[in-house]
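Enquirer: The structure is given below, and queries will be raised subsequently.
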């Protein structure tokens, strides 16, 4: 029969807020039907009581008429005509009394019994099932809360087994009760039609039968109409019986198929593998809400994804509310001291962090994979699940070792030698792909068997060891815990450029060459694929400080320098072609280009990766110009020192000349013979002229020697 609404029994196990809302509508309909049925029952009870009263009154009248002859009236007691007339009336009224008695019996069977049975049995059964369902739902909530409060530190097998058994029993009881409750509510949609039509049909049929006993006033048209109604009632009853059979069969099938789902965690992970191709997911999760500076509370809510948003909805709520935007967000599994199977969703700007808890590890991994797929905006495509499957398949194939380089590109080997003289530069992968990529094998860029480092280990990094050696040689004390020393801070403070970026470390691995611009994109592919296959979603967040001297990875909480990369060792830096938030750079040790131990570091930033690459390129340019200026200043200083040295030599030479002149004068004066006595003026003139001649000769001689 069209127009019959039904509750979906298949969704009873999920117990979503939408199902609860639809159940509330059915319960309101049941309450309204119960109220209306009570009023109709009272009205029909009055008809039945009135009919019984009429039948009793008619029978009493007939009996009194029959007893007229036995009455002793003072006047006219022997009236035979009156007596015989009353006897005839008594006979007719007695027949009418019999008809009314039959009518009362028929009303009790055809009118009162169906509506009484519907009121006392069906409606009360639904009310009982409602109470049982509410009790089982409360028991399930208590059991799931007890299971979720299991501590990770104080893990007790007995308590965990009891909690799992309690969840299994309560969930199974709730599921079974809910299915039978839904079945009763669906059956009520049919029964309420029959409960209204059958009493009226019985009432009309009894009335027709009653009137047929006394008269043939009812026409064939009324009989056909009532016959049609009777046929419709039979059809509804037949359809109801078929639907009840199907619902009972569905309940049995659901009980058999859903038995493994009653437990919160699957004991056999291979029985239900993790699906990583989802772009939509819904289910109950616990969300951590901060209640103070240090304290927090967990609340169980129904979460679902809607487009690129994560929504939550509580029981009894009509619609859900926005939790966070999933576009370009980051998600990773986290360890909580008081909860298990937790993961954390961080918004694209890093301002909002949501911590959630799922029931099992499988559910946690599926939520993480779904949010990752939504973060990549796969849901915007037409075939989202197929695209997600292809992306995951390509991630699985990414770490599969490729065929040998000699087998595939033996003829192309000489062409790769022409790239050995390429100068290092800051480039972007977002441009057109390199023409050498079609010639040069990917195995020549990154070795698939190279180990990948997924976390930052400061104390054993080679950069820090090299710094410690340099510091030891220079007589400065180094910090063994990777913290920056005084010399580093002084260098960074003297730098012209200071730019800080929030980044998350994805991984690093050694590369075979630093000449190809495709080595960074291939390293990104290898690291992302390895993270997807090994389910590594945790990332270390750091602050990347770009200066003209070096690149620093700083701990955002302790402000301790985790790693320091001299800017001179950065030979390449580029971002991903499609996802601009991914970027990386290649470090070449100080040994030169011939050293094969070059390392490529891959990061994810909250900003555009190209901006970071441009900042590093600007830093290298500033460092280059600073180095050129420093060399020019040193060269100028050397020239000034040479000039000063030359002036000092000239001054020394002049002083020597003066000393020689003075000595020559003294020698000339001592070796000159004594002059004859004469006038003092003549003697003085001669001696002066001779001394001048001797001085001029000495000066000419010294000048000639100096010129020679």
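The backbone N, Cα and C atoms fix where each Cβ goes, and this holds for glycine too.
Heads up, here are the entries from TrEMBL:
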type: COMPBIAS; residues: 424-434; note: compositional bias 'Low complexity'
type: COMPBIAS; residues: 461-477; note: compositional bias 'Polar residues'
type: COMPBIAS; residues: 630-664; note: compositional bias 'Basic and acidic residues'
type: COMPBIAS; residues: 698-708; note: compositional bias 'Basic and acidic residues'
type: DOMAIN; residues: 278-376; note: domain 'PH'
type: DOMAIN; residues: 501-650; note: domain 'PID'
type: REGION; residues: 398-435; note: region 'Disordered'
type: REGION; residues: 456-492; note: region 'Disordered'
type: REGION; residues: 630-708; note: region 'Disordered'
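For each feature listed, report its degree of burial, its nearest neighbours and the pertinent distances within the displayed model.
Expert: Confidence annotation: the domain 'PH' (278-376) carries a mean pLDDT of 87 in the model.
Applying DSSP to the domain 'PID' (501-650) sorts its residues as follows: 60 helix, 49 strand, 41 coil.
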Enquirer: Please count the residues of the domain 'PH' (278-376) that DSSP assigns to helix (H, G, I), strand (E, B) and coil.
Expert: 15 helix, 45 strand, 39 coil
